[in-house]
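What follows is a short report on a single structure.
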Amino acid sequence: MSTLKRPTGETSKSIGDGTWLQARTRCWRMAGQAETVATTIKTTVVVCETRGLASHFCVPEQALFSFVTWPFSVKLLWAPIVDSLYSSRFGRRKSWLVPTQYAIGLSFFWLSSHVRFLLGDEEGSSDAEPNVLLLTVIFLSLNFLAATQDIAVDGWALTMLSRRHVGYASTCNSVGQTAGYFLGNVVFLALDVCMKALCKHTKLAVHAASSGFLYFWGIVFMVTTTLVALLKHERDASVTDEDDGHPDLGIAQTYKMALRIFHLPSVRTFCIFLFTCKVGFGVADSVTGLKLLEAGVHRENLALLAIPMVPIQIMLPLIISKHTGGHRPLDVFFKAYPYRLLLGLVFMILLHWTYHVKNADGTFPLYYYAVIVIVYAVHQVTVYSIFVSLMAFHARVSDPAIGGTYMTLLNTITNLGGNWPATLALWMVESLTFKRCVGAAKDWLSCSSKEDLDVSS
């Protein structure tokens, strides 16, 4: 794909090895971590669902809520604005990074004081029904801010790292996302379990854990964003463009440049590949967790099983980056792809086996969880191999002149290629699932609606 190659000139002065490289990769990794913490905070809603606060949060509503991730799939629509509209004095990337993270922090403060209202339990009613549409709008807005921050961070990575170190961008991204997911998901669930043990009233425990967690991360976002604004400096964007021979493009010119990039034959072919390559395992990745919950596996147990995966998920990008830092980063992708497809069959067998090993009291033996950990570990190897390989390739071929837009174009198609199979699977799983009521008074009952359950009772 020769037409995808980035300019041979350096986009920044040589960073060198050692301390400077470590400092800059650490800065970018922290930015990715902050973004992932923001996107995984929506676990609040999922946890409350398992506590009985969202007993009517059915699969179609989960499909509706899955749209909260779509800003990452359509961020190309405003990426040229982020690339071309900025304050040279404050910094090209900081002009967007700082305001968006402040907005996320303030949103967390507001959410922390409105948890009961959002969960439909403002008056303490026993039949709590969260407003899924309102929750979707709120978290869609949060992810819009996180996606905007992502554009700025992707563009900053291309100039923060030298050309020979740009491959580390995908490594920092992966490590930061793993740490962010751990803090925004697993740590929250652990806090929720502790609050439940200390508080006899389950709903109050959920509200306390959610409010405190959101408020804490609101403080973290405000403090860390202030530190970045004051301590991390960018080179003057206009001087950088002149030194590197890149024109200072306006908004309209950046949009035109993005269209020209997309119309390159090699780019269009690659985008078709990105849009369809995840169809084979999109269903297994999105539905397996729901089916395990349906089989009786507790969400807290699944979340706690993710804890031993964290060291693996942090080490994997570092190991994989050694094989993606050369001129052929996609070689890792093609080697890992067949194994990830085969894992779809493994998940199917695992789901079928789950019903056979379930104890009479609804629990599962320890060896069952051990098998889940092993399967999940193998799955993570393939997931991170594919992710790091694609991100390394995107960073290598992107033009720093419009780095945010170029990276966003490729990353957007990648995200969209993963989102549409997942959303379609969630919409279709209800209609493709066949149920029957065992021991029901009426043979025609399907247990597919509340009315059927009322009749059977």
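Cβ coordinates come from backbone N, Cα and C, glycine included.
These come from TrEMBL:
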TRANSMEM  96-112  transmembrane segment
TRANSMEM  132-158  transmembrane segment
TRANSMEM  204-231  transmembrane segment
TRANSMEM  261-281  transmembrane segment
TRANSMEM  301-320  transmembrane segment
TRANSMEM  332-355  transmembrane segment
TRANSMEM  367-393  transmembrane segment
Proximity of the transmembrane segment (261-281) to the transmembrane segment (96-112), 3+ C-beta pairs under 8 angstroms: no
Chain residues in Cβ proximity to the transmembrane segment (367-393) (below 8 Å; excluding those fewer than six residues from its ends, i.e. six or more beyond): 167, 169-171, 173-174, 274, 301-302, 305-306, 308-309, 312-313, 316-317, 320-321, 324-325, 329-333, 335-337, 339-340, 343, 346-347, 350, 354, 357, 411, 414
Residues from the same chain, set at least six apart from the ends of the transmembrane segment (96-112), whose C-beta lies under 8 A from its own: 31, 34, 38, 41, 82, 86, 90, 118, 138, 141-142, 145-146, 148-149, 151-153, 156, 210-215, 217-222, 224-225, 228-229
Intrachain residues whose Cβ lies under 8 Å of the transmembrane segment (301-320), provided they are six or more past its termini: 170-171, 174-175, 178-179, 182, 185-186, 189-190, 289, 292-293, 332, 369, 372-373, 376-377, 380-381, 384-385, 388-389
